[in-house]
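Annotated features in TrEMBL:
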- B:E173, B:R219, B:H449, B:R489: L-aspartate binding site (BINDING)
- B:R219, B:D220, B:E221, B:Q228, B:E482, B:G534, B:L535, B:D536, B:R537: ATP binding site (BINDING)
- B:140-555: domain 'Aminoacyl-transfer RNA synthetases class-II family profile' (DOMAIN)
- B:197-200: region 'Aspartate' (REGION)
- B:H30: site 'Important for tRNA non-discrimination' (SITE)
- B:G81: site 'Important for tRNA non-discrimination' (SITE)
Protein chains: 2
Amino acid sequence: MRSHYCGDLRKEHIGEDITLTGWVHRRRDHGGVIFLDLRDREGLTQVVFDPDREESFTLADSCRSEYVVEVKGTVRGRPEGTVNPDMPTGEIEVLGKELVILNKSETPPFQLDEHQQVGEEVRLRHRYIDLRRPEMQEKLRFRSKVTNAIRSYMDEHGFLDIETPILNRATPEGARDYLVPSRVHEGHFFALPQSPQLFKQLLMVAGFDRYYQVAKCFRDEDLRADRQPEFTQIDIETSFMNEEEIMGITEKMIRKLFLELKGIDLGEFPRMPYSEAMQRFGSDKPDLRYPMELVDVADLMAEIEFKVFAGPAKDPKGRVAALKVPGGAQLTRKIIDEYTQFVSIYGAKGLAWIKVNELEKGVEGLQSPIVKFLGAEVAMAIMERLGAENGDIVFFGADKEKIVSEALGALRIKVGEDLEMAQCEWAPLWVVDFPMFEETDNGGLTALHHPFTAPSCTPEELKANPLEALSRAYDMVLNGCELGGGSIRIHNQEMQASVLDILGISDEEADDKFGFLLNALKYGAPPHGGLAFGLDRLIMLMTGTDSIREVIAFPKTQSSACMMTQAPGEVSAAQLRELNIKLRKTP
Amino acid sequence: MRSHYCGDLRKEHIGEDITLTGWVHRRRDHGGVIFLDLRDREGLTQVVFDPDREESFTLADSCRSEYVVEVKGTVRGRPEGTVNPDMPTGEIEVLGKELVILNKSETPPFQLDEHQQVGEEVRLRHRYIDLRRPEMQEKLRFRSKVTNAIRSYMDEHGFLDIETPILNRATPEGARDYLVPSRVHEGHFFALPQSPQLFKQLLMVAGFDRYYQVAKCFRDEDLRADRQPEFTQIDIETSFMNEEEIMGITEKMIRKLFLELKGIDLGEFPRMPYSEAMQRFGSDKPDLRYPMELVDVADLMAEIEFKVFAGPAKDPKGRVAALKVPGGAQLTRKIIDEYTQFVSIYGAKGLAWIKVNELEKGVEGLQSPIVKFLGAEVAMAIMERLGAENGDIVFFGADKEKIVSEALGALRIKVGEDLEMAQCEWAPLWVVDFPMFEETDNGGLTALHHPFTAPSCTPEELKANPLEALSRAYDMVLNGCELGGGSIRIHNQEMQASVLDILGISDEEADDKFGFLLNALKYGAPPHGGLAFGLDRLIMLMTGTDSIREVIAFPKTQSSACMMTQAPGEVSAAQLRELNIKLRKTP
């Protein structure tokens, strides 16, 4: 129907007869002439209707916001003084000759450029209007481009796009699995996959060598700003490659994406062992845009009287660390109180601090509620270790290791953001050498990644000292977000059995949950490994948005009233009968 | 780890030192030398181990089928007389120098080249082994290529890849929907989509202009040879294009696929109205590879005494048709009995026939149990209308129109296959001008496509005579299979309301099921339309396979014992409690 997209018209089209289709973005009546700003997915063009052409003028006059029209006309340069340099089509306009109203619109619940004046709920309820906003169009087009670029890259590197099932076998242990009752097998259920992990490993056992998929995954959890119950994963697995090769090929992909789609060279990604990341940044996904680091001071604190510090300093599972904030002495009491509140989220019982006012005066130059408990010698030794300077503030954490690392690690980023301390726009890295296991609260062990991750030691070493064992896992981190994670998998059945044994998973449970994989490992499984990227997260980062609802066309919402397609609904008694299920009464 | 894929080695690699990884396809001990046929996804290469290199020789000797190994060696030409012209790598072999056994394998339940000797159930239970068969590798790689080619084509034509949700809102009317109980909204359910229809129309209302998706769809039905409960659809929708343009752009895509991936030029697809397809071929997806056509003979039969023919001939809802099979007079009584059985599947109460033995003798030259009831004049008039010749057989159907068309339409293809009458390998066409509605058994109306399909008439004409109204739908048919189907959609709210009204869908039900779309039509919906292709079907056709299980990596199976990942499983009481559901006792 159209000859051009509205947004594509430029000076070189002047004089051409063209046909446009699109939405009336704005209608203005100015000096006896009607101006329609016509919008399609490529942008806006101004169309002018003169009273000379009575029919089209009258129709144009009757147009309202969001009417859908077809316009035939001629492109002409805008009269001097009316050129709009802010619009890509601002040098031209179209003299409208014929107008067809293809569809009318009721007055929309909000104008596209006034969307901020209505609540998100209204916009979600009228999602088809909200999606017309140029920013939303832009983000979803960008998402399409990213997916395309990833697919091309994987294809060029010999990865096959193989679909894995959405309806999987449910198991009694599948917490957070969505369950789907089967009509055919009464009383039996499918489960929606949290990831295609099992299947991609089977594809390696089947010899496909290189696999990828843009895969839908599911987790039955409450909504969060950055999490939806269904999400999209770039899922990759390959045989006969080691971790260096897998990190290499996927790092190259992400760098290519940023370079080609955003013109940004991320540079080579540094590697950092998990232990170093926890030590220096209190996080397994450190945000390296901020230069501040956690510094351990337990050795300086162990002998003081003050139990708040001395206790954790002497506890093998404790940690005492300091975070120096350059220029932070300016922080007000109110802000420090807010930070104290903030670290309490992570379990910290308080937030000790020292302001460095006049270091040349020694301990007298320090302002702090705690210096008197530390003593001058310890306080000055800490200042020296931190390389503190006048104008700095130092925060302290002293507690169980996990609490201190998490609390100061999070504070580090919060202060960094508040004081605008980022030293670069993008800070990627690989975190490697993760522990195989971590202790659970009840003293058991749990896999830090998942039970298919290969250790970097022998089965004997693993059994002898599981908490010391490192895994062959790797996480790609960008600006403090985990973009992707993966590992070399166990391809040997004995090793897999050892790991499950250490995790206390019974043979029966193992057989029930992973039996198909365990069996497959008996029949010639190749060495293999892989990685998964969260696509939603990647797009959020690349487009600089905090809300996952801005990068998904039809997100789920909390309220079922909000958007009828996007929340669960009611079903009939007959449907339930057919599925052989009853609803319980709410207790 | 590898320097080359096994299947990639050729004469030009002779003299090179290479590293291969793969599976031991076969191990032979011949003349004091060990031969391993090493297999990876690209093919097989023969590796030779001499006793001179004791270590690798001993290891090679210990290898068994499906062991995973890494081999370092040198490519050399095969000795004269041992070149294997049937193998792409048959001119060379690798002299093995180092061998590492990466993983052992238990004796596999079947050898890859002996898969036909075990039942499909064994192969499905060990799917990871079955998928190693070169034919399965080939089919799934082909599928990946087709998907890639489709994505590139859509991308080049400005279609955006936009993901639509898998978890949709359930409605009380959603028969055949898979239901997913929500943990968060107690007693409420999501439904898995039978297609993204609603969402793609909303994307058009949202102004995305051109959308496509390789979309997973779901239907809770029993398995069939060509149908799985989850299937993949190439889903396409566009605004501001008419049916000619949509058919043009998608026909070009399918032609390009066949040309580039199979070297086949399908030619331009002819168009055929639905009524003509039913008339001439008894099917809305006629297989045009076979030349035979149904010929109506009701007018010749109306006045005869024989009620079996005269009844339907006089019934306005009846049909009497003949199918002439050239050369069919050779068919034995036994085969004709089988065909009689065959048409009974479609409700035909019998299968009358006339063999044309010696037409020059007039009615005497016809052999048939029914000629005596027809009379000589009518019999010869039929022969004349059919252009019958000696050696032909003519089959007859006389019943309700639907039964006759379906029965003779199916017989036409069966006979065509049996007698190998195909005149070409590929016969594509578009079927167009479908009726909007068809009558249901209880006298109501149902939409032939779906209730969003636009009619080619005004709302007034539609209401006045709904059964006469044609729709703007189109189906792409290839070799008697419906490859894809679509339509121009209703973009006008009044028209949509008329159609729902004619279908007897109450306002409440309409609001419940489609309210979101009906609302969207009020706010500037553009003219739009689209199409969906069944990807599984397309791959089956292109690879010449009859079983959908050959084109899907992990198909569902009937028996839950068959393949643990591929059938529904049991869940725990705690899981059900959390979902607020109870299992009913089987009645």
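Keep in mind that glycine also has a Cβ here, set from the backbone N, Cα and C atoms.
Across the residues annotated as binding L-aspartate (B:E173, B:R219, B:H449, B:R489), the widest Cα-Cα separation comes to 23 Å.
With respect to B:G81 (site 'Important for tRNA non-discrimination'), the closest of these recorded positions in Cα terms is B:H30, chosen from B:H30, B:R219, B:H449. When the recorded positions B:H30, B:R219, B:R489, B:R537 are compared by the number of other CB atoms within 10 angstroms of each CB, B:H30 has the fewest.
Counting in whole angstrom, B:R219 (L-aspartate binding site) lies 18 from B:E482 (ATP binding site) by their C-alpha atoms.
In this structure, B:L535 (ATP binding site) is part of a helix by DSSP. The number of other Cβ atoms within 10 Å of the Cβ belonging to B:L535 (ATP binding site), over all protein chains shown, comes to 24.
B:E173 (L-aspartate binding site) sits 69 Å from B:H30 (site 'Important for tRNA non-discrimination'), taking the C-alpha atoms as the reference points. Taking CA atoms as the reference points, B:H449 (L-aspartate binding site) and B:E482 (ATP binding site) are 13 Å apart. In the three-state DSSP reading, B:H30 (site 'Important for tRNA non-discrimination') counts as strand. Each residue contributes its Cα atom, and for B:R489 (L-aspartate binding site) and B:H30 (site 'Important for tRNA non-discrimination') these two points are 69 Å apart. The record assigns B:R219, B:D220, B:E221, B:Q228, B:E482, B:G534, B:L535, B:D536, B:R537 to the ATP site; their largest pairwise CA distance measures 21 Å. Sequence-distant contacts of B:E221 (ATP binding site), defined as residues of its own chain at least six apart whose C-beta falls under 8 angstroms from its C-beta, comprise B:R176, B:R227, B:P229. A Cα-Cα distance of 46 Å separates B:R537 (ATP binding site) from B:H30 (site 'Important for tRNA non-discrimination'). Counting only the Cα atoms, the space from B:L535 (ATP binding site) to B:H30 (site 'Important for tRNA non-discrimination') is about 47 angstrom.
The Cβ of B:E482 (ATP binding site) lies under 8 Å from the Cβ of B:K285, B:D475, B:M476, B:G534, B:R537, each of these being in the same chain and 6 or more residues away along the sequence. Mapped onto DSSP helix, strand and coil, the region 'Aspartate' (B:197-200) counts 4 helix, 0 strand, 0 coil.
Of all the recorded positions given, namely B:G81, B:E173, B:H449, the one with the smallest number of surrounding CB atoms inside 10 A is B:G81.
B:E173 (L-aspartate binding site) falls outside any helix or strand according to DSSP and counts as coil.
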